[in-house]
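In Swiss-Prot this protein carries:
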- CYS48: active site, thioimide intermediate (ACT_SITE)
- ASP55: active site, proton donor (ACT_SITE)
- VAL70, GLU71, LEU72, GLN89, GLU90: substrate binding site (BINDING)
Amino acid sequence: MSDKYQQRRFDIYGYEKIDTEVLEAIPYEYPEKNTVVEYITEEFSSVCPWTGLPDTAKLTIRYIPHQKLVELKSLKYYLTSYRNVGILQEHAVNRILDDLVKLLEPKFMEVIGEFHERGGISTKVVARYEK
């Protein structure tokens, strides 16, 4: 009996589909404070780079802003651009951290991806930046 799933793949896009251009920063009026800002979404998704099967996660972005905040609609569009990108879970979390640090230059940032179980294993990835 042949494995009818062996040759099946879904469309998988490369990293070039990650839309960093949509990200916008807005001025932060309290740079002298160490206020912690936290954004949480249960809707993050990307795909396995080998099979195209979806990887879904709860994503938490926590940071201490310096001069800038991320504009939330732009963040939503940016995160949605990962939807059909073939990227490892560990790489997705680090890429998000790198892109947001470049945009915002925060005092501190942490991105946590809690990926839902696949093959009996769930994955939690924590990436941090400190100035």
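In case you wondered, yes, glycine gets a Cβ from its N, Cα and C as well.
Features recorded in Swiss-Prot, as mapped to the structure shown.
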residue	record	DSSP (3 states)
CYS48	active site, thioimide intermediate	coil
ASP55	active site, proton donor	strand
VAL70	substrate binding site	strand
GLN89	substrate binding site	helix
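Set side by side, the recorded positions ASP55, GLU71, GLU90 differ in how many other CB atoms lie within 10 angstroms of their CB, and the most is found at ASP55.
Remark: of the recorded positions CYS48, VAL70, LEU72, the most isolated position is LEU72 (fewest other Cβ atoms within 10 Å of its Cβ).
The Cβ of GLN89 (substrate binding site) lies under 8 Å from the Cβ of SER46, ASP55, ALA57, GLY113, PHE115, THR123, VAL125, each of these being in the same chain and 6 or more residues away along the sequence. Of the recorded residues, CYS48 (active site, thioimide intermediate) and GLU71 (substrate binding site) place their C-alpha atoms 28 Å from one another. In this structure the residues listed as binding substrate are VAL70, GLU71, LEU72, GLN89, GLU90; their two most distant Cα atoms lie 25 Å apart.
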